[in-house]
Every structure is written in structure tokens, then in C-alpha cells.
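> My structure is below; once you've seen it, I'll send some questions.
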């Protein structure tokens, strides 16, 4: 009979040997947390290795993602489609086992982790999604949504500010099925943490309303098992299990120190560990009895089959709910989406309203949301400013009912929680803050793009046009920098119609997040013909043409109005120019070259107009064109004065246009 | 005799009336915190309104910066050079009283606040600076550095993750002279905070090691006074005073609700408040006796004069220390800087070392630091990776001795603490993390640029060149987006010499922060002639010329080597090209047009090479040139494979160059 320690040692040696072979990586955390993982994964985790997409599986998040060999070992040992060769390919090009766990690479990796603090925050989002879906779909005697979210985290995650945002909300929301294991090993990269991390972490989490289980020996299976049982027994509060561990446990000369954290142990130390832990097996060789004890395929298949039966009963009792649950977990658009969208766009086009584009966004939400019960709106404490709510918004309650979340002043937490909800499936989150504070959330936006998931970020107050709040709140470089995130669509629409198209486009994205950049101030509606209406979704299009244009004016958002006025002024002086509206450069850049040329007219000089950093536009206007932009910080003053102060005037656009033509 | 309440009401009406006149702003916080401010500013704050730069003044930070009329009212009433007309110009263009308190506008504003959580973090930096300078400069009987840092903060600051990072460190560092007042009014923009902010905040701060004074009535001067006395009596721990307040106190119909937070009260409510608070005075009229009771000019002058005397005694006892203290508080470079720098650069040039630029950075730190006792190095738990330490690094101890800080895994906190230390004066912080995690800190970098202060940010592991850690850690768009922050210099040097010049340039900046973007991997040293050595500091220069070049290759950092190899390959095929090294586009963009043209050769086609987003380079290569860049996320693999995978090969550069010439 194999012992628990031997089972845990299998993880330790896979981690040591894979890091050694890759010549880089982090053996310390997998070795330190192996015993915890053994108890959790063998005795508690509800999963089916043959189907990593099973809707009611438990979610497991390795927030300390540098310890990736821990999860790779677990997935391999329990029988996921992750072979020993995959482990041998750790950190190699196009392998399933990159340096940090990447969503979409190894089956069973629920989220990409590595940037510290975001994994536990994703986990909070997953646990919230479970609670909300349970509230929405479960019926008496039919608990089709009923699973736990487990997170491993280290000192680094706990030091990061985002852990405060996420864990505070987890407490407020009473996420009773969220259980986090703190790898309390006293070590971070700079050494012993006592010089820079002296929080009473258990007291901190109690202050958030968590159940905290103190002083668990992270190398004692019985203590771990008891703690997990206590965690599962608590249904109204999330649980933090504080596990004292030795980093690099089993490396006799290096364990407990920071040298073991992020570098191969070296052949000598690994040999010593083999001796010390009595593990005579060669690298990447796991004895059959140990494989057998780890294998979870049979138990997993049974577990899922039982759920399948329960779901079938549920489907008989509630066929519509069951169908809806399946659609939502599959991430499919509602069947009537195309017609609903067309009707909504037609209605918005007819209404021809002049409103702020943040208001236009609310109009679009109002138009589309009735079709999307999976929408979960929210804001980082700026609902009335972001206008992210609609007539059907219901704030979530203690039981998880509702479809709208006030995240509080927690932009980064909001974005990473939205990522977690999206990864869980069944919900489609969108959330708002001021565009400036996209900066607080920035790495979570990038993570959404990297993971190819599709949350929608609503960023209002998009330029000096917000006026009196001044330069701390006035975006200058933010729109340009968001456009630079790969695999992400940034939209800056000019009126109600473009805003609605942007929303629809964002909704339709399956593997890409979107940013909607919106004005505080009113923007005039621009009438369009049928082909222009079609073209908005291409990201850039001819909004007002002229015969034989001498120049092309390219504008976005609030500056489209200025471009149109400049066009008129130039026309009155006998100078014909075309106006191109470019609500999404990212989408326009994906159009075919012929279409792009038909819009931009190669050879005709161009002037771009946007209340943002001008250099961005050189990719469209070249060295010969010009840009009416803003390359300094803004000022505090009423918006109309600011636009004048910074050169967003018809006269200036006319002068620059004349200059590029000459 | 005027009452304390009347004195506080002066603040309330200035706030109400200024917001009303500006037609925008936030009256709620100034009205709610007026009583606290009255006790603190009239009875405890050590300051001299006639000299807002007095070195030993207390620092006051309004972390809830939207309540700007609170500090403007205080500065006006106590006698700073901020007139009643300045208050009437609240939120108007080029006034001293912008919507949020901006450093450098109104005298007495110690830092720019508004982006929540950063003010309290700046305050932590200021308090740390005080402690470190006291440890360094004070001598028995000569406490020339001995002042408090006071911060006001609201629920929003406490929800933000950065408050966790900063307040945790403040506890660890034992900042006994830091006192924060929590405006516990139960309201944030989305309404009553109980739906999204249920932390036991006092318990949370006790978990950080703070003294917490609970349950103070924020409208009772005696309770406030007692709490402040208790705070001052504690010297080993920072103090949080929890003040229950009513937001918008004094507006009889709106107080206590969120409508009073961020909008004018309206004429009717202000009239009702005048009635309710028995304040018969017209807007912006303050009775003489109230002005007299507030005026702190005489007391302040006495206070500073007493310190001047003490400092004179100190100067007699320790003339060198006193001179050094004055130099450092004035932010002056050491007298021998120019010669020291020249010698160091010459030494580094001669050594001609091939090392990673992060190592080159450490060499530069080692070369320059002996001249700069004001340097305070640090890292967000990546010292061994960032190489931000040097042979003279001494980790700070409990008494504040030392010159190096392990900030823990707290990038945003680190950057905003560095801003606070810089604002305090007397210290020159630099701090490191991976370039990717500049994103966690991003808004603090922007705040440094906005405030025109000069911390130095060291960002290593700057591209796919970091290899196996994979796309979560591989910057793609980060360097480009940092270059877009106004008033900030971003450097990406190619070898030891450029790295040292970048460091020297960053050191010399008085009103501008700098980012140093550095490689993980080795970069070959490039020999230069004397004029090239001079030219590095211009941000871009001709590194290897050719007769009648057919193209200009522009490269930065690790890609300079590739450009030079491509030049050779092209030369062997009879194609002459020039290689331009462009370590700082920001600095190059500030050179005169003639110099720029002499480097870039208008009319000659250009190819830019950088392992980052390619669109950025269109501003130099135009539409006709080309870019060897990377516009997707990276991958996990050994670096040499990645450079090949993503097209950073001589063949690819040669092909693209031939194409633009053709």
C-alpha cells in the first residue's frame, strides 16, 4: 500500500526533475504544497480528468502560478490528457506545459496564473459565478450547480493589493464554497518575509468575514483533512486554511530557504533528495502503484455520470431551464440574437439621439440585455457615472440572486473577478470605471486578452472632455495604450449608433475582450446611409465623403463632430476632404487591404483628430500627414474651454489640413 | 469668542459655495471632515503658511482628493498665499485651485491626490522619509528632522488594493509619526457602503500592526483632540483614527446621503444650510474674527524660527551634516557630479563588458551611488533579478537606518511610496520590478510624471528575451505604452555604456521621472567613438554609419545587436545601411529638428527593430518603412528559440530592409 507521503513525493520529484530538465522553473512551491495537494485532489476535489469541461466540476486555481509543476503533476497523475512527455517538455516552445499555467494549453488549467494576486481573484469570480448560477438554476431537489472553488496561494499573492480587493468582496458576498490554502512558508524571493510581510494574515481575513483555520501543519495529512472538512462544513463564509509549510520540502540541504524558490536544485541536491525521501525511481518514472493510487479517471467518470443523471432529471422537470443552462455554459449566443440586434440598431438609428456616449452605452445595454440573462453588469463604485445599469438591473443579494454588482472602489479586483466569472462559464460580465482607472486594472485586461476570454470593459470619461476633475482624471495616453494590447478590441464610438454597434460587436466576440471608451459629454447623432450602417462594424469607414478629396480626416469619438465641422469649413473654402470615422482601429486593422485602401485612399494626405496622444496615429497618417492630438497632461476647467485650449478647434484642423495638402 | 463649530463651518461654506460657483465638485467630504480638520490644523499641525517649503513642517495629505475644497479652505484660512479669489476660481483654467489638489499649484499641497489610495501611500512614503532622514541626520540633542505626517482618507481609499500594500508596510516599518484619519461616513458613490464594504477596518489595521483608535465622533472636537493626543503618544506604530462622520454635515436635507458626495448642493439646500448652521454670511465672506482665529502665520513663523535656531546650533556642531541636509532637501546634485559621472562613464566604456543590461544597471548603480547618500534603492521582491542592490546597500532596519528597501510583492505600493519619499525631499528613491509588472504600478508612474518629480523606475526582463517564464511575464506592448506617458523618460539601452548614460540622465532630471527598461539576457558591448559617446544622451544617434546609406535601421536594447549583424550581412551583399541606436525616443524627440534629421536622414527608408509592438515605430519609419516587431503575445521557451520564432533574425531584417529599399 502506497503512503500519502509517497504520493506527495511523486509530485515533488516530477517538479524537481522537470525544472532540472528545463534548466529553469520553480520547484519550491510544488514541493512545499505537495502534501496539501495530495489530500485535496485525492479525497475532495470533484473532477473528471476525461472531461475538463464538465459544468459542475470543482474549480482549482494555483494562484502562485510559478509553481506550475504542481498543477501539471496533479493533472498528469490523476489522468488528464497530459502525458509524461508533456511534463518532459516543461517550458519548451508550443508545449502544453509552459512556464506558468496557461489557460487553453494543458487540460484542467482553469485560468492563467503567474501575475500574483490575480489567481485568487479569478477564484473569487468563479465562486461568485457558482453562487449566482446556483441561485438562478437550482430548484428544490435539483442542485445542478453545486461545486467548490479551491485556491492555493502564497505570501506574494497576499502582499499584492488585489488580494485585499478580492478577499474583502468574497467576505461581503459570503462565498461559502470558496476555500483558499495559504502556503505559509515564510519565504519570498528577497528572503525571509519577516522584513517586509508582518501582517497577522489570519486576523486580516477574519476582518473580511472569512472563516480562518489557523496553524495547520501543511505536511500532516490528517490536519489538512480536518481543515478541509471544517471548510466544507461552513457554507456562509469563505475559508482560509493557513498551512505552515517548508518551501522545497524534501531537498535536505536547501529546503526552507529562498534558493529553492525559483531555480533548479541541481543534480547533487536532487540526488540527496532521492536519498532523503527514499525515492529510488529515475526521473519521470512513476511506479505503477503510485499511478494507480492517483488515477481519478474511474471515480471522475462515475461522479460526472451521477451528475448527468441528476441533470437529466432536472431537464425533464425544467426543460427550458436545462436548455438555457446548456446554452450558457457553452457560451452560445441566444438564437434570436441576429434579428434582435438588427431591430435594436434600427431603433437606435431612428431615434437619432444626441447624448453622451456613456448614455448611448446605457441605451445599448437596455436594448440588448433583455436577450441576455447571462449578463452581469457592474461598476467600481461609479454606476451613476458609468451608466452601466439598466431598467432590468437587480443588485445581487446575499443568496446570489441578481444581475448587477457594485464592486466598490476596486478596479483591478473587478476586472480580475470578471475574468474569473467568464472562465467559470454561464455568465457574461461587463463592468465600468473611469477610463483613467483602467490603469489600476490594466494587467487584468491583458490577462483577459491573453486567455482569449470575452469580458466587456466599459470605460467612461474618456478625455479632457470630462472637464473640471482635471488631469488626474483626464485620459491622454490611455486609449492608445489599450489599443496596443494584443487580441483586444478597443472601441471609441462617436454617437448612439456606433456605440450600439460596438456593444454588439463586443457581445459577439467569443475569444477576445473588448474595451468601450465613452464620453462624459454629449455627442451629436450622425445620420448614415444603409451601407455606412453596415460598415461601422468594420471598425473604420467613410462617414462623409466628398468628390475628389484632397485629404482624409480620420477621427474617433467626440472628435468626429469636429472633423465634420472642419469638412464643412474646408468645403466652404473650396477644399474637398473625406471624413473617416474610426471607432475601432483594432477591428479596422483586421479588415482586408482592399477595404482599408478604399477607406483611407493611399496617396491622399491624412489628418487624424483625437483627444489623445498623437504619435499613435502616425500608423495611419504617416510622416507626411498630421495629427490634432494632445501630448501633455490636461487641465482642470470646463470642457469647452479645454478643447479650445488644446487646439481642438475647427480653425486648427482646417489649418493643419491645408498644410498637409500644400 | 468664535466657537470651534463656527470655525469648521467656515470650511463648510467655502466648500459649498465654491462647488456651487464652479457648478461641479465634491462638497460632502469637506463638510463631513471640517471638524476633524479644525482640531488638527489649529491645534496640532506644525506648519508655517509663509513658507510651505520649510523642511521640518508636518506633511498633510488629503488622500480623498476629491474633497479638494477642504484643503483649499484650510490653506486659505490659515494664511497661505491662496486668496479668496483663488477659491472663487475653483476648477477654472490655470487657477491655483483645480478640481483635485495638484502638487505645484496651490502652496501647501504636498501631493496630487484624486486617484484613490495613492494619497495614503504617498503619506507612508513621506513618513518613511522622515524616519530615515531622522536616523541619518539627527544627533543627540539635535532633532532637526522631527515631524508628523497626517492623512485624511475615505472609504474609497480603504477599498483600493494599494491601501493594503501601503498600510501593511507602514506597520512593518513602525512609522510612529504617521497618523491617518478615516472618514467613516458609510457612503460611497454607489450609495450606502454596506453592500460592498463590510471589512472590520479597525481589525484589519490592527492586523497590520497599527494603533487603532475606534469610534471617535468626527464632529466632537474633544474626542478628536483626545484621539490625536493618543496618536502622538504612540511612537512605534502608525495610528488610524476611526472617525464616524456625517457626509455633507450641515446640509439639513441632504447630509448623510450619497447625493451630497459629488455634485453642487443647489441654491435652496445651501440656503437651508445657512439657516441650519446659523451662518448668515454671504458666499466667500468670512468674518474677521473667524479669519483671525484660523490665521497661523504668526504661530507658524515662530515655530519655524525656533527650528531655524535649532538648526543653526546643529550647523555649528555638525557643519558638514547640516550642509549635506540642506543640499539634499534642495534636491541639488552633489558638487562633484560632473567629474564623477565622466570618470564613471569612461571606466565603463573601457571595461567594455558584455553583460545583461540589468547587470549593466547594477554596474551603473555601483558607479554612481557612492556620490549619492540620498539614494534609496529597492525592489518589489525581485532584488536578485532586478539587480537593484549594490555593494553599499544596507537594508533598512527598525530605526530607519539603511538605504535599501525590500517592498515585498507590492509594485503599486512601491511606486507610490517612492513618489511620497521624493515629495518629502532629502531622498532619491529608485525601485525595481519586472517590466510586465510596471502595469500593476502604472498609475503611480503617471502620477510621478504629472507631479514633475523624479523617482527612477528600474524595469527588468524586458521582452520575450526572458524566455521560459512565458507570456504572462513577457512584455510586448509595455515599453511603447510607457513612452506615451507625458513628461516621462523611458530608456531601453543596448549595453553597459548606454545603460550608464541612461542612469546618469535619469539622475540629472529634476522634474521628470525615468523608466529604465533592461534585459534579462546578455547584450554585447558596442565600441563607440568620442562623438558617439557624447550623443548617447541625446536619446538616439548614429551607432554605425555607412557611406551613402540606402536605408536606416533603428533599434533599441537587445535588438541593436541584430541591427548591427543585419548591417554586416547587407554590406556583404553590397547594400549600405546606417544603424541608429535609439535608447530613448522621449529624449530624442526633444532634440532639435536638425539633429533629428542628421540621424534619421529624411528621404532614406527606415526599418525599426524592437521586440515590442510594431505600430509604435510608425512615427519614425512612416507608412513606407517597415518594422521588425512583435504584435502578439509571447510564448514559453528558451529565449534564442523565441527570437527566431518571432522573426528577430538577420534574414528577416535583411529581407525587410531590401523590401523597403526596392
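Every residue gets a Cβ built from N, Cα and C, even glycine.
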> With B:185, B:187 listed by TrEMBL as Mg(2+)-binding, which of these, B:155, B:217, B:220, is given for the same site?
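Answer, per TrEMBL (Mg(2+) site with B:185, B:187), from B:155, B:217, B:220: B:155.
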> Would you say which of the recorded positions B:155, B:411, B:469 has the most Cβ atoms within 10 Å of its own Cβ?
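Of the recorded positions B:155, B:411, B:469, the most buried by Cβ count within 10 Å is B:411.
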> For residue B:385 (substrate binding site), what residues in its own chain, 6 or more apart in sequence, show a Cβ-Cβ distance under 8 Å?
B:358, B:379, B:434, B:460, B:461, B:520
> Give me the CA-CA distance between residue B:114 (thiamine diphosphate binding site) and residue B:26 (substrate binding site), in Å, as a whole number.
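With distance taken Cα to Cα, residue B:26 (substrate binding site) is 12 Å from residue B:114 (thiamine diphosphate binding site).
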> Which of B:358, B:385, B:461 (binding-site residues) reach within a Cβ distance of under 8 Å of chain A?
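Going by the Cβ criterion (under 8 Å to chain A), the qualifying binding-site residues are B:385.
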> Of B:26, B:66, B:155, B:156, B:185, which binding-site residues come within 10 Å of residue B:411 (active site, proton donor), going by C-alpha to C-alpha distance?
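Candidates kept after distance check: none.
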> Please give the substrate site's span as the largest CA-CA distance among B:26, B:261, B:358, B:385, B:461, B:469, B:473, B:520, to the nearest whole angstrom.
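Per the listed residues, the maximum Cα distance equals 48 Å.
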> Rounded to a whole number, how many Å is the Cα of residue B:473 (substrate binding site) away from the Cα of residue B:115 (thiamine diphosphate binding site)?
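A Cα-Cα distance of 26 Å.
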> Taking just the CA atoms, what is the gap between residue B:66 (thiamine diphosphate binding site) and residue B:26 (substrate binding site) in Å?
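Pair distance, Cα basis, whole Å: 6 Å.
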> Looking only at DSSP and grouping its letters into three states, which state does residue B:187 (Mg(2+) binding site) belong to?
strand
> State the Cα to Cα distance, in Å, between residue B:187 (Mg(2+) binding site) and residue B:26 (substrate binding site), rounded to an integer.
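Cα-Cα, rounded: 13 Å.
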> Within the domain 'Transketolase-like pyrimidine-binding' (B:355-525) only, compute the mean pLDDT.
98
> If you run the three-state DSSP split on residue B:26 (substrate binding site), which class comes out?
coil
> Please report how many Å separate the Cα atom of residue B:156 (thiamine diphosphate binding site) from that of residue B:26 (substrate binding site), as a whole number.
14
